[in-house]
Each structure stands twice: as C-alpha cells, then as structure tokens.
Amino acid sequence: MDRSTKLITISVAAFICYCNTLLGTFVFDDSEAIVKNKDVMPYTPILNIFKNDFWGTDITLNSSHKSYRPLTILSYRLNVLYSNKKLDAFQFHATNVILYGLLCLLSVPVFELFLKKSKYAMNIHDIAYYSSLLFTVHPVHTEVVAGLVGRADILSSVLFFIVILLYQKVRTSNGETAVVWFVISMVLTGCAVLFKETAISVLGLLIVYDIYRQKKKSTSWGEIFSFWLIVRSMAIILCGLAIMYYRFSIMNFEGPIFTSNDNPAGYAQHFFTRVFTYNYIYLLNFLLLIWPEWLCFDWSMGCIPLIESAWDIRAYFVISFWLMSIYLLYALMKKNYQNDILDARVMGVSLIVLPFLPASNLLFTVGFVIAERTLLLPSAGFCFLVIIGFRKLQQNSDNKKIYSIFFYTLLLIFTLRTILRNMSWLTEEKLFASALDVCPLNAKVHYNIAKIAADNSNKELASVKYKRAIELNPNYEQAMNNLANLLREDKKFEEAEVLLRRALTVRPNFAAAWMNLAIVLTNLNRTEEAEHCYKTAIKHRKKYPDCFYNLGNLYLDMKRNEDALKAWEMAVLYRPSHTAAWSNTLVLLDSLKKFEEVLELGRTALMHNPKSAALHFTFANSLGKMQQYEKAEGHFLEAILLNPENALYYSNLGVLYHRWGKILKAREMYKKALQIDPYSKSAVLNLKKLSKAQDRQ
C-alpha cells in the first residue's frame, strides 16, 4: 500500500467514524460556549474575544472560568459568517470532522519522525500508518469531535503536531535558518495555547525529543547534552515562561474558583485520600484508553467516590497500577541504555504523560474529575506504543495472520463503538440518559436531565430529578435554585424561599439565587427585603441586566418611578438587547407624558433591536398617542410583519386607524385580530364601538 492510499484510508476512516455527528445539534457546553456566547456573533466587536474567557465572560472577573481560547472563538465566528450569520449546527459539526481528519493525517509524519533512526526504522511507514489508523477510530475521541467545544482540543492538537514537525527543521538547519524555524515554531506554540492552554505541554515534548534525537549513540550524558542542545532547551524554556506569563497576566494572575463539587479529590483534607483518589483516576483514564466502553460527558459529583480508607479495595488496584508502571518504566530505561539512546517508545510514553500533566492535578487543581477530551493527545502516544508492541509480537510469531485478524477486528470494534457513542451526542436528552448508565450517582447528570425536562415543560420530571440531585449532593446550590424557580412558578413561595436561603448558605455570593429570592419575596409582599436581595445580587455580579430589570419592576410597584427608570437604564446599558427593559421604560415615560424622551429612547431601542416586534409595537402605541399617525402605522406594520400571529397588534392598529378616521381599515384590523383570537376582548369591544358610531351616522 503506497503512502497516498494510506492517507486516503485514514481520511475515509475518520469520515466513517464521525459522519453521523453531522446530524447533531448544540449540546451540553456548546450552549454556553457558542449559542449564548455573544463573542461568537459577527456583530460583537472582534476585540471582545481577546478580553473575555471561552464562555464570553470578562476574564478579569472572579466569576470567570479563566479559560482563554480566543482563536477557538474566532473559528466559531468564521462558521457563523459562512452560514450567513446564523448558528448552523451542520456547519459547526462539519468543520469539526474536517479538522479531526487533518489531525489524524498529521499524526502519520509525527509518528514517522519519532521512529527515525530507531531500531523500528525498518517498519517506519507501517508502524506510523497503523498507529494513526488506530488513533483515528479510537472511541475516546467522540467528546472532542461530536461536542463542538472539543474544537479547542482538536485545533490545539493540530498545531501541537505541526510544531513538532517544524522543530525538526530547527535541529537540521544552521545559523539564521535555524533561528527562523525556531521563531516560527514558538509563534505557532503561542497560537496553539490561544486555542487551548494545555498545548503549552508541546514545549516539554520538544526538549525530550531533542535529547533522544542526538546522533551520538553514547551512554555518556556529557556527550548527549551538547552545547546547542542546551541552548535550544533554554530558549524553549524561556519562550514557555514568556507564554505562561502572558497567559496569567490576561487573568490578573488569579486562578478560577472551583468547588469540591467540581473536583472532590482536589479539596479532600487528608493526604492519603488525595493521593490514592488521584491515582485511581489515572488508572481509570488508562483503562479508557485500553477499553473505552464506559464513556460519560461528566464524571463529577459522586461519579467516582473518594478512596478514604486503606481497606477500600480500589486502593489495591492503585498499588498494582504503581507496580506495573514502575516495572514498565524500568524495563524501558534498561533497554534504552543497553541499546540505543533513541528509543521510539520513550517518545510514545512522553506523548502520553506530558499532554496529560495539566489535567493531572499535580501542577494545579483542575475543575473536573475525568475529562475524556484530555485524552486526545495521550491516546496518540498510547496507540503508538500499542502498534510497536503489536508489530514486535507479530514478527516473533509463526502465525502472523492471526495478529492481522485481531488488529482489524479491534479496528472494527472501535469504529462501531465510536459510531454508537456519537449517537448519544446527537441530542442532550440522549447524552444525559447515556450518562446514567455510567454514573447513576452523579448529581450533575440528574440536574441536567431536570433542566431539559423543565425546558420541555415537563415540570413533574424536572422536580423529581432536581430533588434526586439534591439528595445525592445536599450542597448542590444550583439544583436548589432551579427547583425553587419551579416552586415559584407553582406559587409555592414559602417552599421556594427555604430552598433559596439554603442555596445561599452554601454559596453566599450566588447572584442568581439572590435575585430569585428577591422575586419570591416580592410575591410575598416583602418589598424591603426584596430590594435588599436585588442589591446584594448586583453587589456580587455588577453587570447583571436581568437583576436591574426586575429591580426596576419592583420600584414600579412601589411607585418609585425615577428609581425604576434608572434600574432599567442599567439593564439596557449592560444588555442593549434587553427588549423588556426598553419596553417598560417607554411605557412608563409615556404614562408620565415625557414624549420627547419616548421618541429619543424609542429610536435608540430600535437601533439596538430592529427585529423586536414588541418594541415596534410599544413605540407605535406611544406615537399614536402623540398623533404621529403615519410613523405609528409604520411601526405597527413592522411589528405585524415580525409577529403576524399576535392579535393585539392588529387590534391596536385598528384603534390607530379608528382615531385617524380610517374606518374601513380599522374594521379590517379588528376582524383580523378576531380571526387570530376570537376571544380578544379589546377587538370585540372596539368593533362594537365602531359599529355603533356608524349606526349613529
């Protein structure tokens, strides 16, 4: 099989594995990172993507997740532009599949590079090809391909491989040429970090590769560490420090705020618990590479109980894992010293370990337990080692055909598993349901099922699942907040208040809970307490348009009109698309007969929200009262064009025509309103008035 055929085979394998993801939608984290993220849309200033985190929040705020991936967001914006400024899920998924295919193709020359001048050099092309093929179909990649937020991992990994390939030119060039290639490599490393932060680990791999690529085959470390190798390594370290300094300066040298819910082991008090639980998690990650049957979108909140006792049987699995790892590392290093300075297996191990380090909790505490996306690059090293071992067994066997049958059977099983796993990522309902099979004790899974049920108006299921989430995790403040909202909708205000106060005991700076508590207290006619809660919410989240909007509504009920106007002004300042705040402002100003302000603010509101039927309707009503009939008619017609099924729009346009003296048009609008809503009281009453007036004439 020639090289072109091999590359085509890998491309086809990638497409076969992931073509069914093209039918997918925006699921799980895609909603926050893409659908609700204004930085993705072309109308948002492009500089905002360099000021905000991956989720569209100002990265300097305490509430920010601190993940900084502006180039990934830029790729989403390009998808939106290509889709005529719409969020087309097909375009997003197609891009992910294409980028994944590119990553798989790039793995071939990377593996070949690792194999050069090693004892495996005779089989270099076959080992690289089969390693890439196994890597392509590995089911652990479904999260990064089927989940659109996984594009950050794919793009950073693409540059990760490109940097490795370019660095070879640094080693083989001299003088200025070497410097140019080095600069290009470091710039691309910086870009990779802007796709996803973990790409910084490529610098460590470059140093390892440089050491094991020395031409001198000697056991003397003095000969291995040549002057230029030390220079290159120091330059890499300095560039890495510069990239890290820039990265930390972006977020004001403040880390993200995680809780024990995100990573229980990271917040365990006892050293024994942390060590053994961490290592048990490493073992589970390794098992997912070997046999990726148990895949889950989220492994937090009780999915993996802590190892708190030496009598926990899992502790013995951890010890066995240590012993096996130590033995394999010893065997590898012993072979390395006895034979070659360069052993391709060392590069395979490095490709597993170094990219996984940022997720290991060794350098810093992370906000997850297991994340399958973190295994994308480590799985490349794993597949590389598997094929090296497989080829060695095959060569030493008398029946080589059995090994070939076994390998292709494994490829088929992995391909089918990948395709089936993709089906779970097509919709959130399927994704969350699949997680229950793996982590039935995961409170977050029940919470997400409850959210979907609530969005689908299945309040009964939502309530059951929220209660189950709280039962599994008594400190799950978000579940308490959402369950309280359901209780509030059912007018069970006292029960909602209890839950919200309990949530605030867990997290006193929970701004949304403070706002929701204020809404509950308003319904209980405890307005002073409600005002305090609204202000507390704003204290914890200064740019909180919904809270300002609700505070304005409270002031309106309290007859504090000026305070209401100021609150709504803040709401539209922080979110110019907040049409409800604009509408309330216009209605209140109209009632206060401040018509000049109505005209000015109405134009400003529509400038920000030209497609808002409600704003056109509200503005039209005000213009009608000012007897600016032609302008009012234009806005009524625009509102009807944007929302043709709203009977009230036709009815009020009829009133305008009635005042204007256009009786026939008024009658026509009233009748259209009644066609849409036969029980429209305003249309029936106005039509009767119109008929009586005509009878008198």
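Cβ from N, Cα, C; glycine included.
Looking at 127-142, 431-446, 511-526, the stretch flagged in TrEMBL as transmembrane segment turns out to be 127-142. With respect to Cβ pairs under 8 Å, the transmembrane segment (402-420) is most closely packed against 7-28, considering the stretches 7-28, 97-115, 280-307, 344-364. If you look at the transmembrane segment (370-390) against the transmembrane segment (224-246), you find fewer than three C-beta pairs under 8 angstroms, all six or more positions apart, and that falls short of contact.
If you look at the transmembrane segment (127-142) against the transmembrane segment (280-307), you find at least three C-beta pairs under 8 angstroms, all six or more positions apart, and that counts as contact.
Helix, strand and coil content of the repeat 'TPR' (545-578), in residues and according to DSSP, is 27 helix, 0 strand, 7 coil.
Across the repeat 'TPR' (613-646), DSSP classifies residues as 27 helix, 0 strand, 7 coil. Contact between the transmembrane segment (280-307) and the transmembrane segment (313-332) is supported by 3 or more Cβ pairs under 8 Å, counting only residues 6 or more apart in sequence.
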